[in-house]
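Engineer: Quick one: the structure is below, questions incoming.
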Amino acid sequence: MNLPDDFVTKYQHLLGTEAPAFLASLTTGTTTAGYRVNPQRQLSAKLTAAPRVPYAPWGYYGTVKGRSLAHQSGAVYSQEPSAMFVGATAAPQPGERVLDLCAAPGGKTTHLASYLQGSGLLVTNEINRKRVRVLAENVERFGTANALILNDSPDTLSPIFPDYFDKVLVDAPCSGEGMFRKDPAAMDYWSLAYVEECAARQREILTEAVKMVKPGGQLIYSTCTFAPEEDEQMMAWVLKTFPEFSLVPVEKSGGVVDARPEWADGNPDLKRAARLFPHLLKGEGHFVAKLQRATTAEAKRVHGQAQLGQALTGAQRKLWQDFAQQVLGTVPAGDLVTIKDQLFLTPAQLPALTGAHVFRPGLHLGTFKKNRFEPAYALALASDPQQVAQTLTIDSEQWQQWVHGDALTLTTAPAKGWYLLTCDQQPVGFGKVVQKTVKNFFPKGLRFTVYPEDLT
Ligand SMILES: C[S@@+](CC[C@H](N)C(=O)[O-])C[C@H]1O[C@@H](n2cnc3c(N)ncnc32)[C@H](O)[C@@H]1O
């Protein structure tokens, strides 16, 4: 791999005697894959036998194939090990209000969801229209029930959520130098000028992000670049521009090191942030900082209350309750709304979302058809098979037919109706049983063929 000349010169100057090891790790080193397991799931011994990522709860080194049961059912999320340090630094407590401002494809968001354990609120936002779809797919696949998914720019959100969140994560769009080894295409658009462009955009994003942190709350800032302009210098700028914020020490282990004050204005507090270098640990390049807002200010009030959809008709409520009682065994608590014929369970007590683009108002429960209710795939993946009344266990061969979109044939005929299909204790979707056939409702856009090599 040929690194850009300007990049090599810059880091030779910055790193001095450390530069050869650093540059060699990028040109001749190998990337280490990782995955996080989903704490909401029963996990097979195979998934948890891999070596642990030292700083990341639920994190393991190793590979899980995309066309595997573990991936499809949301038992795992493939994530580069250094990226796991970001969620581990944010580590929200159950019940907190959390904003992930730059969230697609959803690696950090699903990690934050694991910490929240289905409680509190996760507002997960992605500015890009195409990428927000992928974010929604991953949030649903991971069985996240308490997320509001938005598709907005930071300046649309800051007036809606003033002083609102316990934790705000800005996993910023950056020059991506830390990904050169994993994704050499990131070098194609890199230049010294591009670093400056990214820094300007980060200042804009942070200017809005700070407004949404409640007094006493925290802002977590991360990039996957080595560029001091986007890392230490960005934090030095925040400290000077927003004096209510101070850096709190990021706990470091497993080869994670202090950030470099000498690469910014020399403020020793900058050491409190963290750098992940590929020549010092098993992972790619990252920078992570944790900023605390002082408690002195009084929180601004949010306006109004969100109208995320329509109220249910009596007939719709009965259809849903009958389905939930019979198939789930219980009616989940929470606020229900419909958008056209779609039913959602929404987070409670949100402010008015004036001007925002709501991509998912909450957990998709299903669709009202003429006089019947059809449960959603998202509900299946958010369900705990051990709590669900009507489940049907399928084997690996049937799972392959299922994700391919085929109907399944059973040897005996259970009672007619909806069942949560499970394979190896993982929820894989709802199927409708009619005599000895299970009709396939696996979403058309997600169907895939499993090849023999995917099963090893
Ligand atoms: C580093 S990626 C986020 C990765 C994600 N947090 C994850 O863990 O999967 C940065 C994201 O910021 C988005 N972005 C780009 N420009 C932005 C802007 N001006 N404001 C907010 N987000 C932006 C990009 O579309 C991209 O999805």
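Yeah, the Cβs are placed from backbone N, Cα and C, and that goes for glycine too.
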Engineer: Going by TrEMBL, Cys102, Ala103, Ala104, Pro105, Gly106, Gly107, Lys108, Glu126 bind S-adenosyl-L-methionine; tell me which of Asp163, Asp166, Asp171, Asp183 is listed for that site too.
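Structural biologist: Matched candidate out of Asp163, Asp166, Asp171, Asp183, per TrEMBL for S-adenosyl-L-methionine with Cys102, Ala103, Ala104, Pro105, Gly106, Gly107, Lys108, Glu126: Asp171.
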Engineer: Per-residue pLDDT averaged over the domain 'SAM-dependent MTase RsmB/NOP-type' (11-294) comes to what?
Structural biologist: 97
Engineer: Which chain neighbours of the S-adenosyl-L-methionine site, leaving out Cys102, Ala103, Ala104, Pro105, Gly106, Gly107, Lys108, Glu126, Asp171, have a Cβ atom within 8 Å of the mean position of the site's Cβ atoms?
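Structural biologist: Apart from Cys102, Ala103, Ala104, Pro105, Gly106, Gly107, Lys108, Glu126, Asp171, the close residues are Asp100, Thr109, Thr124, Arg131, Leu135.
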Engineer: If you draw a 10 Å sphere on the Cβ of Lys108 (S-adenosyl-L-methionine binding site), how many other Cβ atoms land inside?
Structural biologist: 22
Engineer: May I ask for the distance between Gly106 (S-adenosyl-L-methionine binding site) and Cys224 (active site, nucleophile), taken between their Cα atoms and rounded to an integer number of Å?
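Structural biologist: The separation of the Cα atoms works out to 15 Å.
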Engineer: If you measure C-alpha to C-alpha, which of Cys102, Ala104, Lys108, Asp171 (binding-site residues) come within 10 angstroms of Cys224 (active site, nucleophile)?
Structural biologist: Asp171
